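Trainee: Residues or ranges marked as compositional bias 'Basic and acidic residues' by TrEMBL: 474-485. What TrEMBL records for 24-265 is domain 'Glycosyltransferase N-terminal'. Here TrEMBL flags 467-488 as region 'Disordered'.
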Amino acid sequence: MAPTEDAAAATLAPPPPPPPPHFVIVPMVAQGHTIPMVDLARLLAQRGARVSLVTTPVNGARLRGVAAQATRAKLALDIVELPFPTDIAGLPPGIENVDQVTDHSHFVPLFAALRKLAEPLEAHLRSLPPPRRPSCLISDWCNGWTAAVSARLGIPRLFFHGPPCFYSLCDINAIDHGLHEQTAAARDDKEKFVVPGMPVHVEVTKATAPGFLNSPGWEAQWAECVDAMRTSDGAVVNTFADLEAQFLACYEAALGKPVWALGPFCLANRGDAEATASRGNAPGVARQSAVTAWLDAQSTDDSVVFVNFGSLVRKLPKHLFEVGHGLEDSGVPFVWVVKESEAAAPDVEEWLAALEARVAGRGLVMRGWAPQLAVLSHRAVGGFVTHCGWNSLLEAIAHGVPVATWPHFADQFLNERLVVDVLGVGVPVGVAEAPVMIFGDESAPVVAREDVARAVVALMGDGEEAGERRRKAKEYGEKAHRAMEKGGSSYESLTQLIESFRQSAGGEKKAKDGTVHAWSALKEQKKIDSRCNGSTDAEA
């Protein structure tokens with residue numbers, strides 16, 4: 001019997017298009033880690049990928065606004081909440097996020113609880129029907145426990161590392177060349193060590209050497225994370241080629257795996273006022289109205305300095321008083337963010353009220369969370385005093401805002417070196433090179449009000465050096481936006497990432513052989529030579 005016309009037409013019809021790749025993203029439960037990975041999720045979803053953000057109930061409550069925004073924008077982005085373990089000794093009930101911790105003794109139990117999410121995550125991924133099966137798992141560097149899950153399920157896994165490539169290159173070189181053992185055996189905290197394998201000269205001390213989770217008591221956690229890095233299929237970083245081309249290429253070479261530079265992630269929110277205001281915290285929308293009205297009232301562009309020290313460090317009153325007096329003495333208009341926990345003491349609140357009265361119209365003190373991205377993007381803001389977390393630094397760079405650097409711990413001292421010594425967009429406050437504890441550290445160095453005022457005046461001044469910092473910051477800001485536009489380096493790198501994990505109609509993953517990465521591309525252009533082997537050329 002001859003085939004019918006319908007059967008013939010069906011035979012000739014093209015196969016259905018393959019389903020979009022499904023990226024499962026597992027952030028570290030800390031605001032500074034979650035925010036960029038949420039931005040990454042938006043970027044992937046905006047380009048047609050399906051994205052699942054994995055979290056826990058307490059953290060999921062913070063992300064429901066993200067899911068609602070994605071639904072309104074018709075993006076395939078959903079929140080997966082895994083049950084949080086309740087049987088962890090030493091961890092008070094309700095703590096599911098680093099930002100909720102109020103005692104150093106809670107950190108190790110919190111990480112122990114997070115490792116127990118492996119079983120429910122694996123069960124969830126196994127339960128997904130074929131069209132929804134994950135194409136790739138992207139987990140925070142600190143979530144080393146995800147490596148075993150992806151291995152058992154046969155899912156490719158990338159890790160996301162939050163700091164810049166400059167820091168990550170220092171870190172992997174420190175691991176590969178035994179720098180950690182050398183600094184641990186240092187005679188004193190002032191002894192300096194050269195980080196090997198860097199294309200620029202970098203010195204560290206015992207206190208400022210690179211490394212996450214590598215302090216005493218964290219040996220097993222650190223080893224798991226390093227092993228997960230080694231066994232990954234590559235890395236995703238929040239930077240862009242025109243900012244860190246040299247360090248990006250050298251990092252990919254040292255890692256021996258592809259590295260996708262997709263940033264600045266914060267520009268995923270451009271054009272979306274609600275997402276910009278609520279980034280990291282839903283109540284930020286209301287707060288933005290107040291701070292925007294105050295900034296709108298400033299008649300001069302680039303005249304206000306913004307002061308914010310991130311979500312973790314709690315400064316003691318003696319530190320707050322010096323900051324406030326320094327800002328007052330500088331004579332520069334300012335917006336200063338003070339955490340609610342810092343302002344809770346009656347004497348601090350009384351002092352802040354008196355300060356506000358003295359600087360009325362020139363200074364604004366914000367208590368609690370601030371819509372930082374909205375502030376940095378305002379035309380009145382011309383400088384930023386920051387703790388040197390990479391999210392904050394990159395947000396400033398993306399908006400052409402120079403910085404005064406005040407590092408506290410972890411990667412922040414090396415981040416300072418990048419923006420001050422290499423990029424030339426920062427002026428140091430002059431904090432002693434010693435990390436501080438997160439909660440009320442009595443041993444933390446007190447930065448005098450004179451140093452605060454000096455740094456602010458230098459940052460916001462009219463001199464040649466200040467003008468050059470502003471020029472470089474504006475130039476990098478323009479390059480950041482170009483990187484994210486169609487045809488830009490980060491846009492094209494995101495295209496390559498998505499295509500690398502796209503499935504064919506038959507369900508098979510596409511080979512990654514055709515993907516062009518930073519190392520191979522730059523090598524072909526002859527932009528990399530011996531600079532990854534310790535040259536002192538300071539060009540980035």
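Numbers here mean position along the shown chain, with the first residue as 1.
Note that Cβ sites are derived from N, Cα and C of the backbone, with glycine treated the same way.
Annotations in TrEMBL come from automatic prediction, not curation.
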Trainee: Are there residues at least six beyond either end of the compositional bias 'Basic and acidic residues' (474-485) with Cβ under 8 Å to its Cβ atoms? List them, or say none.
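Mentor: Residues packing against the compositional bias 'Basic and acidic residues' (474-485) from afar: 240-243, 263-264, 267-268, 270, 397-401, 423, 425, 491.
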Trainee: Which numbers of helix, strand and coil residues does DSSP report for the region 'Disordered' (467-488)?
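Mentor: Helix, strand and coil residues of the region 'Disordered' (467-488) number 18 helix, 0 strand, 4 coil.
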Trainee: Restricting to the domain 'Glycosyltransferase N-terminal' (24-265), what is the model's mean pLDDT?
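Mentor: Summing pLDDT over the domain 'Glycosyltransferase N-terminal' (24-265) and dividing by its length gives 93.
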